Each structure stands twice: as C-alpha cells, then as structure tokens.
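**Q** Below is a structure I'd like to ask you about.
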C-alpha cells in the first residue's frame, strides 16, 4: 500500500515540529497538574482513562475507540470531580505559567493560549471528550496512517481485551437495584363514605325489624294452647302442686318460681349460646356469593364452616315442641320454652329479648385492625411461616356438650340475650327471671360487660302473652342508657330536629308498641322514667357527652348555655359536673320570631356566636368586619328572655302589616285578632277586585341564589270579609273551569274537523288522479274515520234535492246525442298508426 505521508511538502514538516513541541509542553503540564491533584485528592477515573487512551493512540497507528470503559461510578462522581477541578485549577494556574516561561517564546505564546482556553473550558464544566477530539485531530495530521482492511467480525478475544485499570483505582461493575414501590392508598371520597354510611344504616334497620319479627313468632308459639299442653305434661307433680299455691302469699309465689327454675336447670341441656352480635366485617365473604341463585342449604353450609350459626333453625311450632321433648337446645330456645311453661302454669309472663343487630357505625382504621387481630375462629393459612418453628398452629377441638352446658349455667357466666319477666301481683312489679343461670329478681346481672363484643345491649323488648305488641324496657336493664341510645341509631342533627324530623326508632316503635294501655302499663312507664334519675354517674369524660342527666361545660354545643353554675354535682379531673336541667338552648331573635316569640325589652344576650354568612347581606357584613380586624357575631337569647308575639288587632277591616306590607304568620298564634287566614294562592286578585283590604301571609323563608326569599301562603283578611271572599272565589273558579272546558272542547272539535277534512281531500285526490288501489284504500280510511250512520229512507223532498243539480247535465247530454256529436278521440294528420281512441261515424254528404 502506498504511504500518504511522503506526499506532503517541506513547509508542513516545520508546522508539524511546532505542533509536536506544543504537545510535549502540554503533556508535561498535564502530568504536573495530575500529580498535584493526586496529592490533594484522587484523580477521577475519567481523566485516567483519557490519559491511557492518548498513550495508546501514540503507540499504535490503528485508531480503536472503546467507549465501554465507562462505569457507573464515573457518572455518579462527575458532580464531585467538577467541584474539585475548580479548586485545583485555581492553585495550578500559577505553576503552569512558570513552566511556560521556560519554553521558547513563539511556543510559549501558543501554549499559553491553548492552556488558557483549556482552563476556561474546565471552569465552565466542559467535558474532557472535547479536548480528546482536538488532540485526535492533531495526531491525525502528524501520524502516517495506512489503509488496512478491517474484518467484518472482530475476534472475541479482541472484544474481551480491555485496557488495564490504573493501579490503586477500584473497578466497578454495573449494579441494578429494583425497588417495589408501595401502592398508593387512596382515601375514600365523601360520596363513598356517605354511601357506605347509608348502606350500613339500612342493613342495621332491616336486621332490627327481622329480629323483632323473629321473636314475635316465638312469642306466639309460647302463647299457643297446644304448646302449653305439652309443657304441662313434662312438669313434675310436686312442682305443679306448689305452683297452685302461688296466690296464697308472696313467699309462695317466689317459692313456686324458684322451684320451677331449679327443676328446669337440671331438665334442659344447653348445646349452644344463641344469637350474638356479629361485626359488619364478618359478613363480607357474602359479597362473593350470589344470594339469589344460591339456595338456603348452601348458605347455611358456608355459615357453619365459619362457625356463624348462632341460632337454631326451628320452622314450626311442632319443631319447637320437639326441642322440649329432646331436652336439649340452645340457650335462647331454653328461655323461650321456660316462658311457655310459666304461661302454662297461669303465671303472667313476658318474653324479654335483647336484640343483637349488626352495628351501623363504621369502625375506625385502628379499631378495624385490632378487631381483625382479636377475631376468633380465623382459619390459619397452611403455608404460613411460623415465627417459632417448634410451635404449631393450635388445633380447634370440638366442644363437649357437657362442658358447654356447665359453662353457660354457671352463676358467673355471661348474661344471656333472652330471659323472662313474671308479674308479681303483691308488689305490682315485673320480676326478672333468668332460667339459664337460675337468678331471680337480679336485673343488674343482665347487663353485659363493657368488653363483651358479642352481647351489646341497645334494644330490649318485652312481648306479652296477649300478643299485643311489645314494650321497650331497655331502661330497666341498661346501666348506661345514653350509650344504648347511641348504639341504637344515629342522632338527628339540629337542622333535622328543627325541620320536624323524627328518629327512625320512634317511628318504628309507634307501630310495634302495645296498643292497650291500662293502669299496669302506666305504672310501669312511670317506673321506667324514675330509673333515669337513679342512673349512676359516668366514670369517664366521654360518657358525659350527650348524657341525659349530666353535662360538662366542654361538651356544650354552639347554641347551648349553662343557666346556673351553682348547681355542681361533683368533679371529674378538675371539671365541674352539672345537671342536664341546667343546660338551656338559646337562639337568635330571628329564630325566636319563627317560633312565635320576641325578645323582652331590656334583655341582654347571654351568648354571642359566630354568624353564618349564608345570604349576600351577611357576607358583606362579614367582609367589613374582617377589614376592621373583628369577627361578625350574633347575639343569642334564652327562652326565659322571650315572650309570646302579640300582633296588632284588625280595626275597621284594615289588616295590620309589617314594614314589607305582609303579615308574619309563622305559627297560628301570630294571626292578628279579628283576622282570618285563607290559605289559597291566587285569591288576592279576587280581593283586589272586590276592594277588600288584605295582606299576604308569610309562613317561612327559603334561600334562593344566596338571598332569603319569603314564602307566602294565601292572604289575611278581616273575619267579616272571609265568607264573601270565599263565595266569590268559588264563582270565579266555576267560571274559569267552564271557560277551560269550552276551550278544550273547541280545540278537540277543531282537531277532529281538520283530520276529517284532510282525509276527505286525500280520498278525492286519490279517486280523481290516483289508481284504483289507492282510491279504495283512501275510501276505506275515510269510511273508517267517519262514524257509521244508519241509512234513512229517501223522501220526495230528498229526491228532488238530489236530482235537482243533475237535470241540466242530463238535458245537455240528450241534446248532444240527438245532434250526433261524438265524444271520442281524434285522428292524427299524418299517416302514422293511431295511438288510441276510436274513429267517428261517417256522415252522409
């Protein structure tokens, strides 16, 4: 191959020598800079790799580019190296200037310009690859390159050959670390929370009604004469004889009941607990089950696998009696059969049931987590790794019926959810009877413990033997009635109370409660109300919130105030405890006006609260108060500071009006004396025509587009004008209704006329210009649209009217026939064949 360097001129050789001297000076300065940098801190691997590559380029005429020498540490250390370079170059600039003075003058200028440009680029965070490209371009000019043939595939050994690393420099390999990002936990929207809250309330209410229906059916079985007859057959004779003496004295009465409880405790064996409270989360597995397609047996099997069959399945009264004959059953069934036995022995007995519905509240995240950890009967995963390999999962053993019977009948056992009440005629009180544990007249023992999550006392109902509804006796057995009320249902808001809403339980209890109220029921109601005053004082601050008897100042609401702070019942953690009767509700003057009351003269507000900027006017006032650095407040007054509103009377038929020309009639008591309210909208125009003085009645206010708009209902007139105005209104309504009927009839007739005329016109057009099929169809349509009329016999007059218009036509046709005028076709002028018609008869000349 020919050499390319021999063709260059001599002048190029001088230029090459100058450039070579510059490169030698540059290499010496670079070595000195690197030695100084290594004394202060280690040089970057990127610089060392660049120097090694430059040496290799000088030794070999073949240019090999290997960019795979970069490591992961090279990228990470760039930022640190750039900071060190700025400090190092500042110290090395003076040394480099002294070295450059020793070189020749023309070479020194070139070196100084080259180094100054390199220093400026380094200070501006320029990369070293740009410098290498400049040196490569210079070397390309000086070195004699040869044209060689490069193979298509490089040998594997050449590929694997890498430059040796600088001594003392660590070698790094690419390391890839993969982290699994945690899933973002999105908060539920307000709509989702509201939907779940409403769904839980509906499920809770539905479950309560189902439980009430369940115990009503069981109470009916206990009152059945057939069931009671079977119960008498199993009672021993000595107990029956003792029960016959129950009317002799109070001791005989108590002795009869106690003997009966002792015998029943030994006679009937318990094999299960009965109904219990289940958390809402325990039923979540039913979301994956199609309850519509699945039958009852498959769902029962799922519940049995999870040990959630709390009650017994008893379909009829016969199955109920079979439990009595078999002498074993659940705890609830035992109490119900005992009620039937008491009724069979002529005791006035009630079936008392503590309902255990699904709670409606949504537990917090901490409560849900703790309950999940404490949940019993959770199946262990077979592949779950144990913390201690020596220990194994605890095997759940089948409960022994004898052990269950002894545990449930123990005196210190957990209270049941079903028991009995027997009426004592000597004390005129209902006595609590627990046939499971054998307790008599111990109502406090029926209260479950605070830590018992399976028995929550929220609704306790008593069912009588006459099947006349039930009575709420929760106050008799609940130690904390306020807590029971909170667990029963959600408390109504202030707006709902002001709107006249009633709680769900009140509406349901009005339907299911006892209808026959006598002296005994009234006496029991008074007793239950007295129990509220005997309720013990709470022991925690949270229980004082909304308590019916006691209150703390910290729990006062926005429109509540303590009337007297002298009535202090005690202290808890340094806070005074006041009776609930000392807490009064206060309102603004506008609210009291809506209730028909006004503030007395000279009264001072007992409390100031922050105003609600609902309307535009109050919002402007709030903005002005903010500009002045104050908060807009509203004065509130108590009911003892108000009096009933007394409107001005009607004088000479003139109705008194307010500043807006209306009459405030928020309550019936606000009607002016001598006036009458006619609640008919639109009657004002009749009063205006008759010249009767009136005023529109304002019954409420509503908010429309951030403005308070009055709601009117009828007018207020003098009482002597009421009857005359009502009669005029009736005449006006009658005239308006008659006019409306006539207008409607006219529109109906007009539409029918339009339809018939249009059909007749269409039929005539089809008959004259259409084909026969369409004509017949149109005729049929007309005949079907027009009602059929019976044919009448034609008289002489009708015949005359029918033929009168045909006589001129017949006369003219007869005359044309006599003259021989033909009515057919014509002949064309050319000799072409005729296209149609007929030839006329030839006349004689």
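For all residues, glycine too, the Cβ spot is worked out from N, Cα and C.
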**Q** Looking at 295-317, 318-340, 341-363, 364-386, which one does TrEMBL call region 'Disordered'?
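**A** Comparing 295-317, 318-340, 341-363, 364-386 with TrEMBL, region 'Disordered' matches 364-386.
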**Q** I'm validating the feature mapping. Which of 110-151, 152-193 is tagged region 'Disordered' in TrEMBL?
**A** 110-151
**Q** DSSP on the domain 'Rad4 beta-hairpin' (586-648): how many residues come out helix, how many strand, how many coil?
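**A** Split into helix, strand and coil, the domain 'Rad4 beta-hairpin' (586-648) gives 21 helix, 18 strand, 24 coil.
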**Q** If you average per-residue pLDDT over the domain 'Rad4 beta-hairpin' (586-648), what number do you get?
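**A** Averaged over the domain 'Rad4 beta-hairpin' (586-648), the predicted model reaches a pLDDT of 90.
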**Q** Please spell out the DSSP helix, strand and coil residue counts for the domain 'Rad4 beta-hairpin' (655-729).
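**A** Across the domain 'Rad4 beta-hairpin' (655-729), DSSP assigns the residues as follows: 21 helix, 28 strand, 26 coil.
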